[in-house]
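Enquirer: Provided herewith is a single structure, encoded as C-alpha cells, for subsequent inquiry.
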Amino acid sequence: MKGLPVLCLLLWTCAVYLVGIYLFVGGFLLVRLEVNRTSTCGDVLEPGEEPVDFCRARPRFRRAVVLIIDALKIDFARFDPSKSDPRPYENKLPVLEETLSSKPSQSRLYPFRADPPTTTMQRIKGFTTGSLPTFVDVGNNFASSAILEDNLIHQLGQMGKRVVFMGDDTWESLFPKKFHRSLPFPSFNVKDLHTVDNGILQHLYTTMVGDSWDVLVAHFLGVDHCGHRFGPDHPAMADKLTQMDRVIRSVIDRLQNDTLLVLMGDHGMTDTGDHGGESQKETDAALFLYSPSPIFPGPPSQMDPDVVPQTDLVPTLALLLGIPIPYSSVGQVLLPLFHPPGVAGGAVGGLSQLEALWINVKQVNRFLETYSGMAKDIAPESLSQLKEQFARISSDYLSSVREGRPPSAQLASSLQAYLTAVRDTCRATWARFNPLKMAAGLAILGFACLMCFVLSELSLPLIQEAGAGLKAPAAVALAAGASVAAAQLLTRGHAEAAWCLAAGAFCSELFFFWTARRLNAPAVLKNGTKAGKSGRWLTARRLLVPPLVVPLLRCASLLSDSYVIAEGRVVTFLLFSLALYIPIHLNWDGLLLPPSPDPLKTAGLLPSPALSPSTVRKESCALLACSGLLIGSLFLSLSFHGCREEQGLCQPSPFLSSLSRLQDSQIKNLHYILSVVSLGICTYLLRHCLCHYGNLNASGGAVFAARWVLPLLSVCLGLHWAVSATPEDSFRNLAELIRLAQLALPRAAFCLLGLGLGLIWLDPLTVFVKARAAGSARGAHLPPPRYRASTGISPQAELHHLIPQIYQRMRRSLEDGEPAGGGGEADGRPAVEAYGLGTVYSAPLLLFGGLLGIGLLLLHPEGMAASFLLLLLEMGALLYIHASSITLSGLQGAYSGGFNVPWTPVVLWSLAATQFFHATGHLPTFPSIQWSAAFVGFPNGHTGTIVPASLVTLNTFASHILFAVSCPLLLFWPLVCEVRGSRGGRGGGEDGEDAVMEMRLRENPQQFSSALLQLSTRYLFILGAQVFSSVCAAAILRRHLMVWKVFAPKLMFEASGFLMSCLFLLVGVTLVLRVDVAVGRWFKRLVPDASR
C-alpha cells in the first residue's frame, strides 16, 4: 500500500483549506485600531484656550469603593415584596431596597447594560476604558493581555490616587504593576464558589477602616461560579446572594461622607447560568450607587435613565473623582450625579450637569478627530454630519457663556444627542472588514472544495503516479510564496505572512488542476478500465444526485438565520430522509427482495444471481432493522438538545445539567443509574464486536487495551461521576477523601486513556495464530503450508468467516513471484489458523475510536452517557446499512473490483457528526460552551491556558472528532460484513468464493490506497463545502442585523469543527497506515521464505 502519497495529499488538502479560512477570518474579524494616547490635566480641549477642563473643579468625592459582583444581573438586585415564595435568586439582596426606600437622595439602582461579548475580561476592559469591544475579543478570554489603551486605573495612578485591588486575578493580568496594593486570587475554577470571596473578606473591612487607599476595587466571583455550576435557580445561589447582602451592609456601615460606593455586575446570566452572548439576560447587570451624603437632588424622576450603558461609568467616575476622562472613551456622563443648572455645588463642590456634558463632548470629539485621522474607516458622510453637529452645539454653548445668559433647555439634549450619535457611529464602524482578504479567502476555499472533488474522482491515477500529484504543486507553492514575500520586502519593507500563504495555496491549486487534467486523459489502466475525461467531472448527473443534493441544500440554507437557529432539528430530519432513501432506492431497482425464479437461469442458459434468495432476505432484513435502529436513535437524540435564546419557549434537556445541580435525590439517582448503564452498554458492545470477529484472542498491546484498559476506564468514569455528584456538606468526615478522589479518578482515567491509545498505536495487530503441528509444518520436504484466518475460536465463527488458501494470497501481496504452492496437510486443513485476520484493519480503528469516545465522555455532563450510547448505535446502524446496501447491489453485478465508498454513506456520516454536535448539548453560540470541562481532573484550576483551552475544545467538538477518526470504517465495514460470492465470485450463492474480508485490501494495494484517499477527500469535500457556505453567509450578510449573533458564531464554530475534523481524520488514516505496516511485518515473520 502506498501510504505516504495518501497522507501527503491529505495534509496538503487540509493545509489549503486552512489557509483559506485563515485569510477570510483575518479580513472578517478585525479588531479596531487602538489609539495609544493618554489624557492629562494639561490637555486643551477644543474649542478652548486654557487647560481648565478635566481638573479645574474640586472633586465631588475623595474616595470610591467599587464592588463588582460577577454576574450580578438586574433580576438579582430587584426586590418584590409581593412574592411570598420567591425563587432562590429573588429577594436575596434586601439591603438595596431598604436603602433605596429610606435614602432616596443618596442611592440609585439602574440596569447596567453591557456590550457583547459578555465575558469578564471584555467587560472589565469596557468599563475601565470606555471603549467598545469587537467580536474577536471573545477569543481572548482564555489569555488576558495587558490593556494598552488609556483607562481609569492608569488615570488614577497618574493623579497620585492609591488604588487597592482584591479579587479576580484577571485584573492583575490586565493592569500589571498598576495597583498600590494587589491581592489577586485564582478565578478560572468555576467549581470553587468561596476561595475568591473569602479571600476578599479577609482584607476588605480592615482595608476600609485604614487610610492607605483612595480607590478600593473588590471583584467577587462566587455568584458567577455558582451560576456556572448550579444555575441561578438553586439553593446555593440563595446562600451566595445572602452572603453578598451581608457584605454590602458591612461596607455601607463603614463608608465616610466623602466616599462613593459603586456596586455593579459586569454581566448577567442565562437561565442555565451561562453568559458570553448578547441576549438581554446576559447583557443586563445591576448598578447601585450610594454615598452617606446626598448625591441626587431627590427621589428618582423622569430625568433618570432607564438603562445605563457600561461605557458611561468611565466619564462619570473620572469627573466625580477629579481625573481626566480616558482618551478613547465614548461613554457619556450620568447626569443625575451632577447638580442641575442653577443649583450651586456648595460645600461638596463638583461640576454642573451642563459643564460635565460640555467636557465630555469635547473629549469625545477629540477622540473622534484623532481616530478618523488614523484609521480612515469612518464613512465620510457620517463624519461630516458629526462635525456639523459639534460645530452647531459648540456655537450655542460658547455664545451663551460669553453673553452670560443661561443656556437654552435644548442645549443639554443636543449635547447628549451628539454623544449618542458618536457612539452609534463607532459601533457601526468597528464592525469593519478587509474585502481583499475576504475575497482571497473565498477564492481559495472555493478552489479547495473543487480540488477535493477532483481528488476523489482521480484518486487511482494520482496514486499510480505516486509523487506527481504532490511534489510539483508543493514546489510551485513554495516558489509563489517566496516570490510574494520578496516583492513585499522590496516594496513595503516587510512581508505579510497571510499574502505569502495565499499566493502559495492559490498557485498550488491551479497547478494541481493542470496536473489533474493531464492525468485524466483517456488511458488504459492496469485493471483494464479506462479513466474518464476531464469534462465529466462536474456534470449535472454527477452533482445533482440525491446524496449530494442534500448537503448542497443544507449549504444553501446556511444563508438563513432561521435555519442556523433550528439547525439541530433540521439536520436530524435530513439524516433521517437520506437514510430512508437507501432502502427506497434499492427497492426501486428491485434489489431489496429476491428476484423471481427464471426458468432460463434454472436451465443454465443465463448466469445465476450473485446472491441466493435466502442471503438477499437476510441482508434486506438487516438493512431494514438497522434503519429502524437509526430512526429510533435519531428520535431519542432530540431529548439531549440545548436551546438558543432565539427559540423562545424551548426548554433545554435536563441531561445537560450535571448531577451536582440536581436537588431531588431520587431524580439524581435515576440519572446516575441511567448514565452508568449507558456506559456499561457502550463498553459491552465494543468488546462484544471485537470478540465476535476474533480480535480478543491474541496477546498484543491492542488486545490488552481492549481486555483491561477499556473496562478500567469505564469503572474510573463511573466512580468519578459518583464522587462529583456528592454534595459538599455530605460525608463531612470523608471530605478530604472526596476531594482526593475528585482529583485522582479523572487523572487516572486520562492516564488509562493515554495508555490504551499508545498501546494501540505501538502494537495494533489483533491477530491470533494457532499452529496444528509445528513439526510437520516445518519439514523441508513438505510443500509450503496453507493458512486460514477466521474471526473467532468457536466452530460457528470458523464456518462463517474462513479464509482458505491464504498462503497464495500472502505471496501475491508480498509480490514474491514464485508459483503458488499446492497441497497442505493430509486432511486438507491448513497448518496455521490466524484468527482475527479478516478484521485486522477495522478492529484497532474501532477500539481506538471507542477508547477516545469514553475519554471524551469524561469531559461531558454525566447525563450525556445516554447520548454517547445513541451515538455508538447510530454509527453501527450507518455502517451496517452501508454494508448491506453494498451487498444487495451485488445483485446487479455492480461490483467492479474496487473498494470505492459511494457518496451516500459519506454524506450520512458527515450529517451524523453535525447532528450529534447538537445531541451532546452543544450549539454554535458562545454561551453554550461547557466551560466546566476545563476542570475535569483539575478542580483547583490551572496555571496556564493551554490545558483548559484544549479540554474545552475536545468537549465542544467531540462528535466531529469521533466521526472523523472513525471515517475509514466506511471503507472496511462492507468487507467485514462480506457475504460469500457477493464480490464477484466464480459461482453463485453459498458455493461461490469464500468471503475473505479485509484481506482483499492486501491483494490490491493500489486500489486500497486509492479507496482510502477517495473516502477521505469525499469527507473533506462535504465538510469543506459547509465551511465555504458559512464563509459565504458571513461575507454576504456582513451588514445583516443578526451577523454577530448568528452568522459570525456559526462561522467560528464551523471553522473550528473543520480544523478538528481534519486533524482527527489524519489521525484515523495514519492509524490505518500503521496497521498496514504491521500486517506486512507480520506476514514476513510468518512466512520467512516469502520475505527473502
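Think of each number as a place in line: the chain as shown, counted from 1.
Glycine is treated like the rest: Cβ placed from N, Cα and C.
Note that the structure is predicted; figures quoted are calculated from it, not measured.
Heads up, here are the entries from TrEMBL:
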TRANSMEM  7-31  transmembrane segment
TRANSMEM  438-460  transmembrane segment
TRANSMEM  472-490  transmembrane segment
TRANSMEM  496-516  transmembrane segment
TRANSMEM  669-686  transmembrane segment
TRANSMEM  698-723  transmembrane segment
TRANSMEM  744-762  transmembrane segment
TRANSMEM  840-859  transmembrane segment
TRANSMEM  866-883  transmembrane segment
TRANSMEM  957-976  transmembrane segment
TRANSMEM  1019-1037  transmembrane segment
TRANSMEM  1057-1075  transmembrane segment
Enquirer: What stretch of 7-31, 744-762, 957-976 shows the most Cβ pairs under 8 Å to the transmembrane segment (840-859)?
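Expert: That would be 957-976.
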Enquirer: What else in the chain is close to the transmembrane segment (744-762), if you only count residues 6 or more beyond its ends and a Cβ gap under 8 Å?
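Expert: Tertiary neighbours of the transmembrane segment (744-762) are 701-702, 704-705, 709-710, 712-713, 716-717, 719-720, 723, 844, 847-848, 851-852, 854-855, 858, 936-937, 1071, 1074.
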Enquirer: Give the one range among 7-31, 438-460, 669-686, 698-723, 1019-1037 whose Cβ atoms make the most pairs under 8 Å with those of the transmembrane segment (1057-1075).
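Expert: Most contacts with the transmembrane segment (1057-1075): 7-31.
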Enquirer: May I ask for the residues of the chain that lie six or more residues beyond the transmembrane segment (472-490) and have a Cβ under 8 Å from a Cβ within it?
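Expert: Same-chain contacts beyond the flanks: 12, 496, 499-509, 511-512, 515.
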Enquirer: Sequence-remote contacts (6 or more beyond its ends) of the transmembrane segment (698-723), Cβ cut-off under 8 Å?
Expert: 659, 672, 675-676, 679-680, 682-683, 686-687, 690, 738, 741-742, 745-746, 748-749, 752-753, 755-757, 759-760, 762-768, 835-836, 843-844, 847, 850-851, 854-855, 857-858, 862
Enquirer: How about long-range neighbours of the transmembrane segment (866-883): same chain, 6 or more residues beyond its ends, C-beta under 8 Å?
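Expert: For the transmembrane segment (866-883), the sequence-distant neighbours (Cβ-Cβ under 8 Å, at least 6 residues beyond its ends) are 579, 582, 622-623, 626-627, 629-630, 633-634, 636-637, 640, 655, 674-675, 678-679, 681-682, 685-686, 850, 853-854, 856-857, 860, 901, 904-905, 908-909, 912, 916, 919-921, 959, 962-963, 966, 969-970, 973-974, 976-977.
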